[in-house]
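Everything on this sheet refers to the single structure shown next.
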């Protein structure tokens, strides 16, 4: 029992270590102060509020995760398709494994995103509207790198975090992780259309979030594209190399279940083969 708790503490420690970069960078909140050219039209767009706010995005992700994971693991444990040698309750152990893996991948994804944001400091499309430069101090004949912003310091700092999109990377990570979870867990014949339908809406939400970041003038299209790719990459690597979703036991993979349903038994094969 004590050994099991050591493993739990080790898992928690790993998640915390993976979270350190984005925690530290967020607390310091000092991105690279990149300058600009007066004639740069890519940062002259008007400021617009978020279509998908942080609260709305968190609500959708948390709801989808709780509903899919809790119901999926409950059904598999109840039907004895999923079991654990843990000292804890089978359902608790199953939920712990999925959520622990999910949180670890989320920490990695967010840390990678914030490293790029704070180290590169790319200006958002609405930077000049947020900055509100004091043009009397600006020499437009060259590269402007002096501090000339009259806008809110907090908003100006936020306007320096364009590359790459955190909404896109985190949204794609979470939704693709859940889509792969559904692929691994929802593997019965009656779910052949239900499974891709659920996966479509999960991934479509992540892509929609990315589109809104461009239309809201929060990110350049390349910021969103890189964010989506990074989120997808981290989700795939986490599911393939950290989780046990596609291991044969537990649970049985979809391929094994389907093959066992399609293939005739050994005795039936031999009987048919002996006929003249």
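Every residue gets a Cβ built from N, Cα and C, even glycine.
Annotation source Swiss-Prot lists topological domain 'Cytoplasmic' at 1-4 (among others).
Residues or ranges marked as transmembrane segment by Swiss-Prot on the basis of sequence analysis: 5-25 (among others).
Marked as topological domain 'Lumenal' by Swiss-Prot on the basis of a curator's inference: 26-51 (among others). Residues 114, 117-130, 138, 140, 143-147, 157, 160-161, 212, 215-218, 220 of the same chain sit 6 or more residues outside the topological domain 'Lumenal' (26-51) yet have a Cβ under 8 Å from a Cβ within it.
As annotated by Swiss-Prot, transmembrane segment applies to 52-72 (among others), with the evidence given as sequence analysis.
Positions annotated as topological domain 'Cytoplasmic' by Swiss-Prot, on the basis of a curator's inference: 73-87 (among others).
For 88-108 (among others), the entry in Swiss-Prot reads transmembrane segment. Tertiary neighbourhood of the transmembrane segment (88-108): same-chain residues 4, 8, 11, 14-15, 18-19, 22, 65, 69-70, 73-74, 76-77, 82, 170, 173-174, 177, 181, 234-235, 237-239, 242-244, selected by CB-CB distance under 8 Å and a gap of 6+ residues from either end.
When averaged over the topological domain 'Lumenal' (109-161), pLDDT in the model lands at 95. According to Swiss-Prot, the feature topological domain 'Lumenal' maps to 109-161 (among others).
Counting residues of the region 'Phosphatase sequence motif I' (117-125) by DSSP class, helix then strand then coil, yields 4 helix, 0 strand, 5 coil. According to Swiss-Prot, the region 'Phosphatase sequence motif I' annotation covers 117-125.
Annotation comment: Swiss-Prot describes 139 (among others) as N-linked glycosylation site. The DSSP secondary structure for residue 139 (N-linked glycosylation site) is coil. All protein chains included, residue 139 (N-linked glycosylation site) registers 10 other Cβ atoms within 10 Å of its own Cβ.
In the three-state DSSP scheme, residue 155 (N-linked glycosylation site) falls into the helix class. Around the Cβ of residue 155 (N-linked glycosylation site), 15 further Cβ atoms fall within 10 Å across all displayed protein chains. According to Swiss-Prot, the N-linked glycosylation site annotation covers 155 (among others), on the basis of sequence analysis.
The transmembrane segment annotation in Swiss-Prot covers 162-182 (among others) and is backed by sequence analysis.
Look at Swiss-Prot and you will find 164-167 tagged as region 'Phosphatase sequence motif II'.
Annotation comment: Swiss-Prot describes 183-189 (among others) as topological domain 'Cytoplasmic', evidence class a curator's inference.
Summarising the annotation, Swiss-Prot assigns transmembrane segment to 190-210 (among others).
Residues or ranges marked as topological domain 'Lumenal' by Swiss-Prot: 211-225 (among others).
Per Swiss-Prot, active site, nucleophile is recorded for 219. For residue 219 (active site, nucleophile), the number of other Cβ atoms no farther than 10 Å from its own Cβ, over all displayed protein chains, is 28.
Highest Cβ pair count under 8 Å relative to the transmembrane segment (162-182), across stretches 5-25, 52-72, 190-210, 226-246: 226-246.
The Cα atom of residue 139 (N-linked glycosylation site) lies nearest to that of 155, taking the recorded positions 155, 219, 223 as the candidates.
Below 8 angstroms of C-beta separation, residues 95, 98-99, 102, 167, 170-171, 174-175, 178, 181-182, 185-186, 198, 202, 205, 208-209, 212-213 of the same chain, each at least six residues beyond the ends of the transmembrane segment (52-72), sit close to that stretch.
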